[in-house]
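Would you mind keeping the following structure in view while I ask a few things?
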């Protein structure tokens with residue numbers, strides 16, 4: 001038996017030896033492979049770091065540390081040459097692109113949320129996932145990078161499924177920028193380029209069709225999101241999947257990139273399809289910062305369920321390039337079973353361009369572009385305003401001769417979704433709007449030209465309200481029914497109105513500007529003293545400023561009222577003397 005055991009061991013020992021040698025060889029081979037992998041990973045990491053450094057040298061080399069930090073105004077002692085570069089960049093983009101390159105894309109922002117917003121907790125495991133859709137056309141690289149950087153650093157990673165970046169036919173496409181975005185933001189950004197510009201609405205639809213998350217968040221390409229912006233924005237959609245939400249839109253100044261607090265408001269449009277903002281209703285103001293109803297959204301920044309957006313048909317496919325899309329989608333939401341809420345606990349800064357900058361959305365001439373926008377207006381009016389479109393057409397008669405295209409698909413959608421009539425919208429969301437912008441306008445206190453008595457050949461003129469200041473110009477031949485630019489009315493709301501623009505004072509009553517009528521009195525309150533012929537701003541009786549002609553400059557200013565100052569004397573084309581006697585009835589004076 002011992003001999004058998006010995007023979008068995010003699011057979012097994014060589015086998016064990018071979019197995020040991022094999023294990024050693026395998027171990028050494030594995031070590032070699034791991035070393036090669038480590039070298040490869042190190043090489044890849046080094047190459048990635050090198051690429052980032054090279055591209056940072058292109059896009060971030062001019063950054064000045066702490067410039068514009070915490071959203072403070074970015075200022076410096078610029079040379080004459082630099083000031084010329086600043087002016088050039090503002091002419092080309094409508095904002096200080098030169099300065100933007102010198103502000104870090106990762107700059108900090110002050111937390112402007114209401115204190116109660118900071119205490120709110122959200123069920124993160126239940127909140128829906130989000131696809132952020134950003135479209136752009138020839139956007140300044142530093143501005144776009146700041147938008148993306150703020151998203152990456154201030155958005156919970158577990159909620160952000162993707163950022164879909166749609167280049168809408170930029171003529172200044174930059175492959176290095178695309179590479180930098182791909183490397184810097186890794187898998188966060190999905191980049192899609194459309195070779196020929198299709199416009200805001202269609203580019204957004206392209207992005208929405210690529211999206212995979214439960215909720216779509218549409219943002220402009222020149223924004224900065226703030227701390228805690230996303231959770232409150234999407235929480236109402238968790239409660240009701242037919243809710244669309246909008247954040248408070250803070251302002252980023254075009255000239256120094258200062259981040260300024262925006263106010264809660266309710267969006268609307270007037271009877272010339274200008275977007276306007278109305279104050280919160282009393283009960284909404286008391287409930288702040290709770291979400292409140294928003295009749296018409298601004299359109300640039302909003303969140304909506306992906307399936308609900310699809311069910312609504314997205315944007316009307318007949319709308320071209322830009323214009324009226326926020327009216328169309330807002331009306332469709334409210335009238336077809338949804339709602340829009342503004343969420344004060346969510347704040348996003350928006351870079352607003354210089355008011356004098358004329359944005360071009362196409363390569364077409366200016367008149368062709370205006371026709372496209374007018375066509376959009378008419379399509380929205382024909383589908384959604386019902387009989388109230390006549391009020392719009394009375395103020396915008398040129399719309400009636402604009403070809404509107406085929407409306408069958410939109411009418412079918414309206415019927416299929418059992419959408420309510422526009423009257424429901426007015427009755428339920430617009431009671432204060434109708435007081436400010438009635439279907440039938442009440443009698444005016446005075447109207448026609450506003451003629452300078454000291455320079456009787458000159459009248460107040462608003463030829464180009466986008467420039468922000470009125471001027472003096474030769475009077476129209478008809479003083480009662482002059483040209484639209486010289487037709488002013490002292491309205492039932494004590495405004496000095498021309499069309500949908502009002503005269504207002506700024507800088508403690510010194511400067512006179514033209515701005516969209518806001519219906520809140522204040523700096524747009526005016527009265528007329530028929531005895532002294534003075535046009536007086538404000539409701540204060542003890543410290544009054546009057547409109548004053550500056551004929552040598554073809555301008556107007558405001559200064560302390562002086563009955564002996566002939567430059568402060570004016571004459572309306574028509575004066576309703578009997579109605580003017582009751583001007584101060586029911587007006588609170590200070």
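Numbers here mean position along the shown chain, with the first residue as 1.
A Cβ is built for glycine as well, from the same backbone N, Cα and C atoms used for every other residue.
Note that the coordinates shown come from a computational prediction; the quantities given were computed from them, not determined experimentally.
Look at Swiss-Prot and you will find 1-11 tagged as topological domain 'Cytoplasmic', backed by sequence analysis. Per Swiss-Prot, transmembrane segment is recorded for 12-31, and the stated evidence type is sequence analysis. Positions annotated as topological domain 'Lumenal' by Swiss-Prot: 32-590. Here Swiss-Prot flags 77, 241 as N-linked glycosylation site. As annotated by Swiss-Prot, disulfide bond applies to 117-345, 336-419, 459-475, 502-517, 546-561. The region 'Catalytic subdomain A' annotation in Swiss-Prot covers 127-236. According to Swiss-Prot, the feature substrate binding site maps to 168, 221, 322, 353, an assignment based on similarity to another entry. Taken from Swiss-Prot, the feature Mn(2+) binding site applies to 220, 222, 350, supported by similarity to another entry. Sequence annotations record features per position, and here Swiss-Prot assigns region 'Catalytic subdomain B' to 291-353.
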Please identify, among the recorded positions 220, 322, 336, the one with the smallest Cα-Cα distance to residue 459 (disulfide bond).
322
Roughly how many Å lie between the Cα atoms of residue 517 (disulfide bond) and residue 220 (Mn(2+) binding site), rounded to a whole value?
26
Let me spell it out: for each of the binding-site residues (222, 350, 353), count the other Cβ atoms within 10 Å of that residue's Cβ, using every protein chain shown. Which one has the most?
222
Given that the record lists 168, 221, 322, 353 as binding substrate, what is the largest C-alpha to C-alpha distance among them, in Å?
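With 168, 221, 322, 353 as the binding residues for substrate, the largest Cα distance is 19 Å.
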Which of the recorded positions 117, 222, 241, 475, 502 has its Cα closest in space to the Cα of residue 353 (substrate binding site)?
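That would be 222, nearest by Cα distance.
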When neighbour density is defined as the number of other C-beta atoms within 10 angstroms of a residue's C-beta, which of the binding-site residues 168, 220 has the lowest density?
220
Cβ atoms within 10 Å, counted per site: which of 221, 241 has the most, among these recorded positions?
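For the recorded positions 221, 241, the Cβ with the most other Cβ atoms within 10 Å is 221.
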Compare the Cα of residue 419 (disulfide bond) against each of the binding-site residues 168, 220, 221 and report the nearest.
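Nearest by Cα distance to residue 419 (disulfide bond): 220.
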What subset of the recorded positions 221, 241, 350 lies within 10 angstroms of residue 561 (disulfide bond) at the C-alpha level?
none
Rounded to the nearest angstrom, how far is the Cα of residue 350 (Mn(2+) binding site) from the Cα of residue 77 (N-linked glycosylation site)?
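Pair distance, Cα basis, whole Å: 26 Å.
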Taking just the CA atoms, what is the gap between residue 220 (Mn(2+) binding site) and residue 475 (disulfide bond) in Å?
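For residue 220 (Mn(2+) binding site) versus residue 475 (disulfide bond), the Cα atoms are 43 Å apart.
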C-alpha of residue 241 (N-linked glycosylation site) to C-alpha of residue 222 (Mn(2+) binding site): distance in Å?
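With the alpha carbons as reference points, the distance is 28 Å.
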Calculate the distance in Å between the alpha carbons (Cα) of residue 546 (disulfide bond) and residue 475 (disulfide bond), and round it to a whole number.
21
